[in-house]
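See structure below.
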Amino acid sequence: MDASLRRQTGLVSFFYWIWDGLDRTIFTGIKFSFPARFVSPFGFLGMLTFITFVILGISGALLMFYYEPIITRAWDSVAFINDDVPFGFHIRNIHYHGSNAMVLLAILHMYYQFFSGRYKIRNEILWVTGVILGTVTILEAFTGYDVIFSERAELAISIAASLTNSIPVMGPTIREAMFGSGFHDFVLRFYAQHVFILPLVMLGLMAVHFPRFLVFDVPMVMAISGAILITGGVFPIDMGFKFEPTVPPGITVPEWYLTGLYAFLRTQYDKFVTGVLWPGLFILSLLLIPFIDRYKKFSWKDRPLITAFGITGISQIMVTTYWGFYIPSDT
């Protein structure tokens, strides 16, 4: 019994030794709050978004063991993961559903902060970095489903390359840097962006974006994690068809968070205006909101112009997203 007590005391002492050591690190610079009662989940959508980022990092690392970033092997290696690797089917589906959840949670988090006026209390830096982080999140998800190199991915690749090339002056240079000179360069470059460059940028933005006080609601974290894990097993995602350069691709649409942009591009207007300038102005307007909003109150009811702008933005996203899924019967 004495030995057991000594061992327990030793473990407790070791724990306190670690805690005292962390006191001089950035870890304890962030104050974690564990609510004792139910709190609206809208208040910590940012933390839930970060949890999905962690899930994606773990599942993505497991997928990296078998994925081959080579044009002739990319789709086949994913098919091998899906069909032959133990639990590969579930890991791939968890990664897919997690990426969609991360984008959705990031958008909901941004608009909750928008309508609650949280950016007004000296949180301008948090808001600006959050908008940039949300944009990079969509780019991260976009590069992820492109590296499969299916027919659906080829559509997104072609559109993105065309839009990048339409940017005046620097467009061709940016396109060459991001996409390379052909499909052989593209696969490896997008793979590097997806697994290293963009996650590194996201982590850097998170280091600035995280506030000092974080609400960590364990039941909600378990709920979102469980939902992603369950959907990974219950709702399988079809891989689609392998892209063959000599075979015309079938009719398809990109992921839901890109269908709004796809809808604008199908109008046949100038690519730069519809695909680059218009989304860029939308993001810029969000970045400037804290510096435009001069209302003294925080409630959305007391900020009519800002609220109208937010509702207009949400309506535009919803309408164009649905419009992007619509394929005319004569296509």
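Yeah, the Cβs are placed from backbone N, Cα and C, and that goes for glycine too.
Unlike curated records, TrEMBL annotations are generated automatically.
Look at TrEMBL and you will find 14-222 tagged as domain 'Cytochrome b/b6 N-terminal region profile'.
What TrEMBL lists as transmembrane segment is 42-67 (among others).
Per TrEMBL, transmembrane segment is recorded for 94-112 (among others). Using a Cβ-Cβ cut-off under 8 Å and counting only residues 6 or more beyond its ends in the same chain, the transmembrane segment (94-112) has close neighbours at 42-43, 45-46, 48-49, 52-53, 55-56, 59-60, 63, 130-131, 133-134, 137-138, 140-141, 144-145, 224, 227-229, 231-232, 235, 237, 255-257, 286, 310, 314, 317.
Remote same-chain partners of the transmembrane segment (124-143), defined as residues 6 or more beyond its termini with a Cβ less than 8 Å from a stretch Cβ, comprise 46, 49, 99-100, 102-103, 106-107, 109-110, 113, 118, 156, 160, 190, 193-194, 198-199, 201-202, 205-206, 208-209, 211, 255, 257-258, 283, 286-287, 289-291. TrEMBL lists 124-143 (among others) with the feature transmembrane segment.
As annotated by TrEMBL, transmembrane segment applies to 186-207 (among others).
Annotation source TrEMBL lists transmembrane segment at 213-235 (among others).
What TrEMBL lists as domain 'Cytochrome b/b6 C-terminal region profile' is 244-331.
Under the heading transmembrane segment, TrEMBL lists 271-292 (among others).
Residues or ranges marked as transmembrane segment by TrEMBL: 304-325 (among others).
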_Using Cβ atoms and a strict cutoff of less than 8 Å, what residues sit near the transmembrane segment (271-292) while being 6 or more residues removed from its termini?_
110, 114, 119-120, 123-124, 127-128, 131-132, 135, 159, 162-163, 166-168, 261, 264-265, 306, 309, 313
*asked:* Treating G and I as helix alongside H, and B as strand alongside E, what does DSSP give for the domain 'Cytochrome b/b6 C-terminal region profile' (244-331) in helix, strand and coil?
replied: 57 helix, 0 strand, 31 coil
